[in-house]
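Now, the feature entries from TrEMBL:
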- Gly30, Glu31, Asn32, Ala33, Gln34, Gly35, Lys36, Thr37: ATP binding site (BINDING)
- 3-366: domain 'RecF/RecN/SMC N-terminal' (DOMAIN)
Amino acid sequence: MELESLKLDHYRNYSDLTLEFSSGVNVFLGENAQGKTNLLESIYVLALARSHRTSSDKDLVQWQAKEATISGRVKRSISETPLSLHFSNKGKKARVNHLEQSKLSHYIGQLNVILFAPEDLELVKGSPSVRRRFIDMEFGQMNPLYLYNTTQYKRILKERNAYLKRLQLKQTTDTVFLDVLSEQLIDVGSQILIARQEFLNKLELAAQPIHAEISDQREALKLRYMSSVDFTSDASLEEVKSVFADALSRQRSREIIQGSTMVGPHRDELQFDVNGNNVAVFGSQGQQRTTALAIKLAEIDLMQQETGEYPVLLLDDVLSELDASRQTHLLLAIQDKVQTFITAPTLSDIARQLIRKPRVFHVKQGVITLENDT
């Protein structure tokens with residue numbers, strides 16, 4: 001899979017931009033605050049219909065403009081597909097082959113991307129919500145049903161929390177509707193739990209040999225999914241539903257006192273262990289970076305296994321965060337395999353030696369110029 005072209009209209013600091021890309025490595029060089037990250041963000045948004053930097057679509061629209069559009073042409077092994085996203089005060093519209101999509105879950109997955117940025121170190125040492133979002137966004141690209149279920153779960157959870165708040169404030173004493181919402185939560189949530197466990201099992205298998213190679217066979221990586229619903233990894237859907245129902249039942253009084261749902265996928269945690277220790281707590285910065293790099297590289301292979309296509313890789317100012325050994329491993333791993341977009345103030349000597357025939361762009365104050373092919 002590759003992104004052949006990109007057009008931005010009134011997106012962030014780009015009034016009108018059209019670019020054609022190499023199927024190999026595309027490099028964007030420039031000082032900070034010139035628009036490099038905005039460009040990679042636009043590719044991420046084109047793929048996932050949401051930004052990794054802001055929760056408000058209004059932030060994506062250029063200052064003093066009323067609307068913005070991102071459009072691109074995606075090439076797969078057997079087809080080419082035009083995609084577009086339009087943002088306005090009426091919301092966003094997603095189109096595939098110029099046809100508007102009724103649901104974003106029908107749109108997401110047309111372009112698959114893996115983003116690796118300095119803040120992705122938070123994947124290892126940040127809050128549990130960062131890791132839950134990682135699972136949902138990465139696996140959601142591979143599995144439309146999972147993406148749909150997470151959307152449904154959030155809707156049910158919001159409604160259930162609102163009703164628990166009413167019970168807390170004694171605005172109602174009727175728990176029949178709470179039972180209905182609990183049943184819906186259990187049904188959708190159990191599917192999410194099983195899917196997450198299966199995804200993490202596959203991700204662990206893909207990441208372990210990569211991590212071992214980067215660490216010169218000195219370290220062993222293990223992923224631990226710690227759920228608030230105490231189910232075994234080989235449990236059936238009905239068994240998970242039963243355990244989930246029991247957990248909710250035990251927590252009901254506490255939930256009414258707190259006014260929020262205490263059990264479910266929204267409370268779960270993913271932990272990375274290196275040589276048996278939680279790397280977020282006991283690992284060095286080098287070990288944390290090795291773990292993050294191994295996970296990102298494993299995602300590339302896993303996405304190819306699940307979808308039949310390699311994703312597009314976005315490296316946003318991340319090379320400078322990696323030492324020479326990790327830079328080398330990353331660049332060799334993606335060479336001639338994945339279409340890659342790299343942003344950096346300058347290219348390191350290692351990158352210049354290892355990247356073959358990059359298409360180099362220069363970014364300055366929202367203007368992008370193409371350097372002669374090297």
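Note: Cβ is positioned from N, Cα and C throughout, glycine not excepted.
Known features from TrEMBL, placed on the structure.
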{"residue": "Gly30", "record": "ATP binding site", "contacts (Cβ under 8 Å, 6+ apart)": "Lys36, Thr343, Pro345, His362, Val363, Lys364"}
{"residue": "Glu31", "record": "ATP binding site", "contacts (Cβ under 8 Å, 6+ apart)": "Pro345, Lys364"}
{"residue": "Asn32", "record": "ATP binding site", "contacts (Cβ under 8 Å, 6+ apart)": "Pro345"}
{"residue": "Ala33", "record": "ATP binding site", "contacts (Cβ under 8 Å, 6+ apart)": "none"}
{"residue": "Gln34", "record": "ATP binding site", "contacts (Cβ under 8 Å, 6+ apart)": "Val363, Lys364, Gln365, Gly366"}
{"residue": "Gly35", "record": "ATP binding site", "contacts (Cβ under 8 Å, 6+ apart)": "Arg12, Asn13, Tyr14, Val363, Gln365, Gly366, Ile368"}
{"residue": "Thr37", "record": "ATP binding site", "contacts (Cβ under 8 Å, 6+ apart)": "Arg53, Asp316, Asp317, Thr343"}
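Annotation note: Thr37 (ATP binding site) sits in a helical segment as assigned by DSSP.
Within 8 Å of the Cβ centroid of the ATP site, not counting the listed residues Gly30, Glu31, Asn32, Ala33, Gln34, Gly35, Lys36, Thr37, the chain contributes Thr343, Val363. For the domain 'RecF/RecN/SMC N-terminal' (3-366), the predicted model reports an average pLDDT of 93.
When other Cβ atoms within 10 Å of the Cβ of Lys36 (ATP binding site) are tallied across all protein chains shown, the result is 24.
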